[in-house]
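**Student:** For reference, the structure I am asking about is given below.
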Amino acid sequence: MKYYFNEIEAKWQKYWSENQTFKAENKSEKDKFYVLDMFPYPSGAGLHVGHPLGYIASDIYARYKRHKGFNVLHPQGFDSFGLPAEQYAIQTGQHPAKTTQENIKTYRRQLDQMGFSFDWSREVRTSDPSYYKWTQWIFIQLFNAYYCLDADKAKDISALTAIFEKHGNEKVNAVCDENTALFSAEEWNSFGPDQKELVLSQYRLTYLSETEVNWCPDLGTVLANDEIVNGVSERGGFPVVRKKMKQWSMRITAYAQRLLDGLNRIDWPQPLKDAQTNWIGRSEGAMVSFEIEGYAASIEVFTTRPDTIFGVSFMTLAPEHELVAKITTKEQKSDVDSYILSTSRRSERDRMADVKTISGVFTGAYAVHPFSGEKIPVWIGDYVLASYGTGAVMAVPCGDQRDFEFAKHFDLEIPNIFEGQDISEGACEDKGAVIANSDFINGLKVKDAIKKVIEALEKRGIGEGRINYRLRDAVFSRQRYWGEPFPVYYVNGLPKMIDKDYLPVTLPDVEKYLPTEDGKPPLGNATIWAWDTQTNKIVSNDLIDEQTVFPLELNTMPGWAGSSWYFNRYMDADNDNEFCGKEALDYWQDVDLYIGGSEHTTGHLLYSRFWQKFLFDRGHVPVDEYAKKLINQGMILGTSAFVYRKKGENTFISHGLIKDKDVQPIHVDVSLVNASNELDLEGFKDHALNKDFKDAAFVLEDRKYIVGREVEKMSKSKYNVVNPDDICRDYGADTLRMYEMFLGPLEQAKPWNTAGITGVHGFLKRLWKLFHNSGEFSVSEDAPGPEELKILHKTIKKVDEDIANFSFNTSVSSFMIAVNELTSLSCSKRGILEPLVVLISPYAPYIAEELWSKLGHKGSVSTVDYPVFEAKYVIESTKTYPISFNGKMRFTKELSLDLDKEAIEKAVMEDERTQQQMGGRSPKKVIVVPGKIVNIVG
RNA sequence: GCUCGGAUGGUGGAAUUGGUAGACACGUUGGACUUAAAAUCCAAUGAGCAGUAAUGUUCGUGCGGGUUCAAGUCCCGCUCCGAGUACCA
């Protein structure tokens, strides 16, 4: 009887769906285990074979844990707000909700086909009003909170106003804007409501501010730093410019230190932790204030090397620094203005690419050295970034290579403040140096000098020790249509939150999805988009009267809003009264295993940790790190195929004949190429992308056209996409699952190669054949013998260990060995098949279910708690090495069920003595048990 | 530049963490079945040398050293490849 995988798979999909086999309960006697995937954005192209890799791994783990007796939560959903649906809407006028709905349908079909054990009753979609209701709610919670540094946690904003009323803000130790002014209790109490609101916004964890943002004119929107790659937009590759706009921001910087500290408590990959650590970019140093000669202003700088303060010979401001206009002298004005103009014209990308060119200009102004009182010229230069620190540096050419080069270029002084260091060729950045020519810190080492300078600065009130972070507050506004609307309306230009009871504020319909002609975001096109504070309803814009009806926010939230808390929603996805019920949260707590791509390291994975910590502070969730363990699955790459067109001719040359001919490589669809790299010429002509190709000439080798190959990212534009639908049709989902695992280590990037799939498919066929010998299912009730049990338990032990270590590739090999060995014994015994089916079911659930039911079991193997994952026989691996006299070893491997324990114990006791003996003459025989080398005498 | 990975047959990759290097699979070659092909099954397959053969033997985990009875694995010094990040004061 043939292995009819298509029928089997359809049958069990139906069964699982009808019986809700994978529905998880929020109450159980069993221990909980939460396995999470990064939910997909449902794109129009559907899934390719690369997408499900992580889902297969997590599904294997989830099914394995169910067998081990855990109550497993394994949900799935869709990150369904996003730019592609919106751009499609701009082109076609089709509502993004409709496109999204259709795409989700395709995704769902593809996911079901692959046999994932998701609990779809908990599905979430970020674009669903019943979901984004709670995204809006969390936004309001952030608005109504500030970060108290004394308690080191977020608190309700009312606690802050209470302090202001009694003591003003002088003694408040909270995270706030740099330029927050001081006020007394009397002053606060005299402020009007609008002024109070402006002050509070300097403390709120989400706030409106005029910020310099990354504006992408082609996309008509603002981008976050992690959405920009090499100075152009990640999506589309359009140029990005700096622009000032009024935007919502998230005060993630308040959590910088806790985001660092939390990394020590979670089992995430080290490279990912390193990347987040670098992104947060903590550096210790000092703030120093330099007075400007002749002005009432001073320049604040941040430095990590306050010990080098006596080596300062000039200062450099970023061209965008606010003091530049104020302090530039008349004589220098035209130079400075033209320099600022030329740097602002250069895109960020040019500035980054061109690190070598040194440019700058003198402002004409002088600062005063805080200790020596000397005059220090103030320059501007584009090597100083406005967005880091204070946008100004104290330049120490002898201690910083960039300052050194700047000084050399403009012929500025380079005083040496290091004992016995030669600085004629470059700056001395060695932190073991000893300071000289530096007044009260002469003879001190760097570390001690830093301490002493900070003390002196603080004593004189002109500076202080400071920890600075590279991390910036996150801009939270997007000028897009297809995102969460803000639950915000404006009175006198000040934001007001809509009460929880009236959420969600649902996205309005618009005629056009582009920004309005006067430059407002797409929601500016909506005609029914105003808030009536009397009825608490969305009403027509015509009714705005500035008394009771007010304009609503026109921006929407960024893509990361919905994904920053979805893992909590799965625990209680249908709750209409809370974002997630307390009971569910207390039961499920956090994610035990999270699998997803490393591209989200400094985006989603940082923002979601931030929101979780906030929700924890406010008592809404029980833990402040939401994922105990995380694994980054490696990308599956495509193997692109190329044809080579002779330049200027319609002739294609086979890969082997190119040599030094002038040819242009052109991508060709991989489905037109067979396993030996031979191109289907008729197919190529029929599916030609370019009309000319229809009558192209070919230069062949061995009567074949051989294509060139290259490994690239799998993408539609590279014609190297392999569709899982095709693989499932030809080989079945079980084969696809096992093969993707077999391809190589989970965390490693690896190219897809359909040719190798026959090996795994052949294995499943052999397994099937083993128990369908005479054409129908046949299983023997005889008890298995030691040989057969040995095969089974060896496999159990190996597979169990491999799953625990996430080495799914080697466990597939173990299955193959087992089936090969059983085949050679012609073993078809129930006592072997039954546990083997359970063992194999996480990898190949469909064939396992089918065999399980043929064994006469009711219900699904997927939900069976079965002790099969504990090997009944303890198998010790022993090796015997007879040693010849020249010291070379040979040995025979022995795997035994009936080990002579006494002999081993005795040998272990002699271990020490043996080692001594081995230093001298070689023993005749050595037994190795794991971890020990022992000698057997005789 | 900095940070983190990696380098093993024709290919993807194993190697119980210091103990048979090359599991398992692809590919290749030969054979069986077949009119033939596909499918299936069996055998060989790191390289070299000797032998009709069983077998013996030498070399072999990017390069150069070192530690050890024993190194793909540990230590020191390089080379090359990949990923992330970048004027961060």
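The backbone N, Cα and C atoms fix where each Cβ goes, and this holds for glycine too.
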**Student:** For the annotation motif ''KMSKS' region' in TrEMBL, which listed range does it cover: A:333-337, A:713-717, A:798-802?
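**Tutor:** That would be A:713-717, the stretch labelled motif ''KMSKS' region' in TrEMBL.
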**Student:** Over the span of the motif ''KMSKS' region' (A:713-717), count residues by DSSP class, listing helix, strand and coil in order.
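**Tutor:** For that range the per-state counts are 2 helix, 0 strand, 3 coil.
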**Student:** Could you give the number of helix, strand and coil residues in the domain 'Aminoacyl-tRNA synthetase class Ia' (A:709-739) as assigned by DSSP?
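**Tutor:** Summed over the domain 'Aminoacyl-tRNA synthetase class Ia' (A:709-739), the classes give 18 helix, 4 strand, 9 coil.
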**Student:** Around A:LYS716 (ATP binding site), which residues of its chain at least 6 apart sit with Cβ under 8 Å of its Cβ?
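**Tutor:** Expected: A:ALA45.
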**Student:** What counts of helix, strand and coil residues does DSSP assign across the domain 'Aminoacyl-tRNA synthetase class Ia' (A:11-144)?
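**Tutor:** Result for the domain 'Aminoacyl-tRNA synthetase class Ia' (A:11-144), in helix, strand, coil order: 70 helix, 11 strand, 53 coil.
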